[in-house]
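Notes to accompany the following structure.
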Amino acid sequence: MAERPPLILASRSPYRRALLEQVRLPHEAIPADVDESRHPDEPAHDYVLRLARAKAEAVAERRPDALVIGSDQAAVLGERVLGKPGSEARAREQLATASGQCVTFLTGVAVVHAAGGRRQSDVVPYRVHFRDLDETTIARYVALEQPLDCAGSFKSEGLGAVLFQRMEGSDPNALIGLPLIRLFDFLLACGYPLIGSEE
């Protein structure tokens, strides 16, 4: 079997790293230094796609030999983009807004292999229908889970599932921040063996 090229995750997210570890993809994490500001009136779809590409390209410039994965996510409620709350008060506010509503999570993913001249990217949507949440439930959840670094103010891999009525989408991993099924498509197109000897 041909030796796999290095795989780099252009992120400091422990959630994305954990997903790659679960599927036994040996990788290195190198955070990309890119401006993550959203352009005025930039649609959420375009925003996450642009950032996923920018993160992968930034790291690929330093490591052209590697397959570099970039990813970014936004939560959208109506026309409003919900970012990472950063504080308990903001997390409670976001969850109160999402109560009884459908929030669409858009996750951009990009794979860049500069040496091979390959660039692939896509956006994977995933919809979460929230239960009607009372103030006490929201406060307890935020205090216990501390979802301050998560778009939409919850962790679906933890207690966050108690907040949901139902979920819709092709890849539940997209909700955690890295759509593995689409990523596998990209890696296979680059000739990267997904199941092979671990280093």
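Cβ atoms here come from the backbone N, Cα and C positions, even for glycine.
Just so you know, the Cβ of Tyr15 (site 'Important for substrate specificity') picks up 18 other Cβ atoms within 10 Å once every protein chain is counted. Per Swiss-Prot, site 'Important for substrate specificity' is recorded for Tyr15 (among others), and the stated evidence type is sequence analysis.
Listed in sequence order, the residues of the same chain lying 6 or more apart from Asp72 (active site, proton acceptor) and placing their CB within less than 8 Å of its CB are Glu36, Tyr47, Val48, Leu51, Ala52, Lys55, Thr107, Gly108. The feature active site, proton acceptor is assigned by Swiss-Prot to Asp72, with sequence analysis given as support.
Taking a C-beta cut-off of under 8 Å and a sequence gap of six or more, Gln73 (site 'Important for substrate specificity') has these contacts in its own chain: Val48, Phe105, Leu106, Thr107, Gly108, Ala151, Ala174, Gly177. For Gln73 (among others), the entry in Swiss-Prot reads site 'Important for substrate specificity', with the evidence type sequence analysis.
When other Cβ atoms within 10 Å of the Cβ of Glu157 (site 'Important for substrate specificity') are tallied across all protein chains shown, the result is 14. Among the features that Swiss-Prot reports, site 'Important for substrate specificity' is placed at Glu157 (among others).
Cα separation, Glu157 (site 'Important for substrate specificity') to Tyr15 (site 'Important for substrate specificity'), rounded: 9 Å.
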